[in-house]
Amino acid sequence: MILVLNGPNLGRLGKREPGIYGAGTYEDLVQLCHETGGKLGHDVEVRQTDSEAELIGWIHEACDGRIPVVLNPAAFTHYSYALRDAIAQRTAPLIEVHISNPAAREEFRHTSVVAGVASGTIAGFGLQSYVLALHAISEMNTTS
Ligand code: DQA
């Protein structure tokens, strides 16, 4: 089982700044993650919330269950020390993903407070970032 967790505004994919995030909808993302999980032989559960508290609760759940996570923290990436401290408790792999490439955007997006406690980061490949992350975490999961 792999959890794919998404932070604020990602439920609006497709409608939200399509020039940056593409035309694919959140439903397309869910389907893509399920398909990729199926090919890799893993159950994948995809969730999205606009709430920092709910997202932290899901990270605690993953920590307690030692569940691998693919996480797009969205804007929380750039300032949520609470999310960072939750992720720091993990013992299973966690991969940070971004649809866009934050390093090529506004200055405030150049900082990730999450990157230092993630296993690694994949950014800038559109919805394919999630596919790449699922492949990576599947590999880590079977080798560690
Ligand atoms: C994002 C990048 C963040 O800077 C932004 O706040 C998002 C989406 C991405 O997937 O490209 O909401 O995480």
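Every residue, even glycine, has its Cβ placed from backbone N, Cα and C.
Database features (TrEMBL):
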{"type": "ACT_SITE", "residues": "Tyr21", "note": "active site, proton acceptor"}
{"type": "ACT_SITE", "residues": "His98", "note": "active site, proton donor"}
{"type": "BINDING", "residues": "Asn72, His78, Asp85, Ile99, Ser100, Arg109", "note": "substrate binding site"}
{"type": "SITE", "residues": "Arg16", "note": "site 'Transition state stabilizer'"}
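Here the features listed in TrEMBL are painted onto the structure.
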residue: Arg16; record: site 'Transition state stabilizer'; contacts (Cβ under 8 Å, 6+ apart): Asn9
residue: Tyr21; record: active site, proton acceptor; contacts (Cβ under 8 Å, 6+ apart): Leu13, Ile99, Ser100, Gly126
residue: Asn72; record: substrate binding site; contacts (Cβ under 8 Å, 6+ apart): Leu5, Asn6, Gly7, Leu10, Glu96, Val97, His98, Ile99, Ser129, Tyr130
residue: His78; record: substrate binding site; contacts (Cβ under 8 Å, 6+ apart): Pro102, Phe108, Arg109, Thr111, Ser112, Val113
residue: Asp85; record: substrate binding site; contacts (Cβ under 8 Å, 6+ apart): none
Checklist entry - Over all shown protein chains, what is the count of other CB atoms within 10 A of the CB belonging to the residue listed as 'active site, proton donor'? => result 24
Next on the checklist: Test of understanding: give the count of other CB atoms lying within 10 angstroms of the CB of Ser100 (substrate binding site).
Outcome noted: 17
Checklist entry - So for Arg109 (substrate binding site), how many other CB atoms are inside 10 Å of its CB? => result 17
Next on the checklist: According to DSSP, does the residue listed as 'active site, proton donor' sit in a helix, a strand, or coil?
Outcome noted: strand
